[in-house]
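**Student:** Okay, so TrEMBL annotates it like this:
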{"type": "BINDING", "residues": "C24, C139, C180", "note": "[4Fe-4S] cluster 1 binding site"}
{"type": "BINDING", "residues": "H222, C225, C245, C251", "note": "[4Fe-4S] cluster 2 binding site"}
{"type": "BINDING", "residues": "C279, C282", "note": "[3Fe-4S] cluster binding site"}
{"type": "DOMAIN", "residues": "24-192", "note": "domain 'NADH:ubiquinone oxidoreductase-like 20kDa subunit'"}
{"type": "DOMAIN", "residues": "217-294", "note": "domain 'Cytochrome-c3 hydrogenase C-terminal'"}
{"type": "REGION", "residues": "306-338", "note": "region 'Disordered'"}
Amino acid sequence: MTDTIEQAGVDEVTILWISEGMSCDGDTVSITASSQPAIEDIVLGLVPGLPKVNLNNKVLSPTVGGEDFLAPYRAAARGELDQPFILVIEGSIPNENINGAGYWTSFGNDPMTGEPLTLNWWVDALAPKAWAVVAIGTCATYGGIHAMAGNPTGCMGLADYLGWDFRSKAGLPIVNVPGCPVQPENFMETLTWVLYHAAGSAPPPPLDELLRPQWIFGKTVHEGCDRAAYYEQADFAKDYNSPKCQVPIGCWGPVVNCNVPKRGWMNGVGGCPNVGGICIGCTMPGFPDMFMPFMDMPPGAASPRCWSSHTARSSGDCAASPTPRSTGSRGGATTARS
């Protein structure tokens, strides 16, 4: 495909989805709950204006596996795939520079030697050729659970591996859709936008500095939370049976970018604070280390002692919202190509 053809729009796109990063496959499972649109709608061509989509995912694809399943991946790695492709990565990227005598994670074998091909090999081979690159879930976006302190794999997010200035064949940055797991419609809506862009009927998706879709992650949990009015009145929950603001009992909502309280989880129902849960920051870089221990009041969080009656006046030793425990790089790791 030439750049001219790509910019004019394409009528067929292949999705090469690799979930052999350090992951639980929870993001693949999560998107099966999406209904606006459903993954079936996209694959069956039921969304007007989208290109024909060929989905390759080890759970969702119609192929039975083996070499038939690997064939489009191998063709893309050789630069011989007939259609432009979108590379979707699920799971953290391990540092194969510190794998000792083995490897951390693999996807298929080298047909010549029979040796396992690491995830890193596939990312190196496919990402520069991909029309777009999408990281699904917090593990793929920022490292997630597998990048916790003490993990021997040296895991990181895809942007930390490829570089935050990476650009795909179409000139797009990595598109990060975090969540542990990802909220179903958040990913499917983003994928739909990317597909419309591939078709030539939409601009590139607008992304923030963390490469997240702005329209999805532009607001905090607190801004969309039904309990927010209690926070403004300094009326806080003392246990998890209360309908009041949960910041003092571990909720990070005021500093976490996530739309789940407004969007819900399945068909608009659910979402952590909507069903009595606290926000533990699962869509953010540094999760989970920066937000632990869970269920403890976040450092700097507002509490009843910080307020005078129902007036938002804090004392000198109190802050108005939680403060993350550390910062570091955007994804919490440094680039480490193998």
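One is the number of the first residue shown, and numbering goes on along the chain from there.
Note: Cβ is positioned from N, Cα and C throughout, glycine not excepted.
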**Student:** When the Cα-Cα distance from H222 ([4Fe-4S] cluster 2 binding site) is computed for each of the binding-site residues C24, C139, C180, C279, C282, which gives the smallest value?
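**Tutor:** Looking at Cα distances from H222 ([4Fe-4S] cluster 2 binding site), the smallest one goes to C279.
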**Student:** Tell me whether H222 ([4Fe-4S] cluster 2 binding site) sits in a helix, a strand or coil according to DSSP.
**Tutor:** helix
**Student:** For the domain 'Cytochrome-c3 hydrogenase C-terminal' (217-294), what's the model's average pLDDT?
**Tutor:** 94
**Student:** Do any of C245, C251, C279, C282 (binding-site residues) have a CA within 10 A of C180 ([4Fe-4S] cluster 1 binding site), and if so which?
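**Tutor:** Of C245, C251, C279, C282, within range: C282.
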**Student:** Reduced to three states, what secondary structure does DSSP give C279 ([3Fe-4S] cluster binding site)?
**Tutor:** coil
**Student:** Specify the secondary structure state of C139 ([4Fe-4S] cluster 1 binding site) as given by DSSP, simplified to three classes.
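**Tutor:** Helix, per DSSP.
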**Student:** Measuring Cα to Cα, tell me the gap between C245 ([4Fe-4S] cluster 2 binding site) and C279 ([3Fe-4S] cluster binding site) in whole angstrom.
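**Tutor:** That comes out at 11 Å between the alpha carbons.
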**Student:** Taking each of C225, C251, C279 in turn, which of these binding-site residues have a Cα lying within 10 angstroms of the Cα of C139 ([4Fe-4S] cluster 1 binding site)?
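**Tutor:** Cα within 10 Å of C139 ([4Fe-4S] cluster 1 binding site): none.
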**Student:** On the DSSP side of things, how many residues of the domain 'Cytochrome-c3 hydrogenase C-terminal' (217-294) fall into helix, strand and coil, could you say?
**Tutor:** 26 helix, 6 strand, 46 coil
**Student:** Where does C24 ([4Fe-4S] cluster 1 binding site) sit in the DSSP three-state scheme?
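**Tutor:** Going by the DSSP assignment, C24 ([4Fe-4S] cluster 1 binding site) belongs to neither helix nor strand, so it counts as coil.
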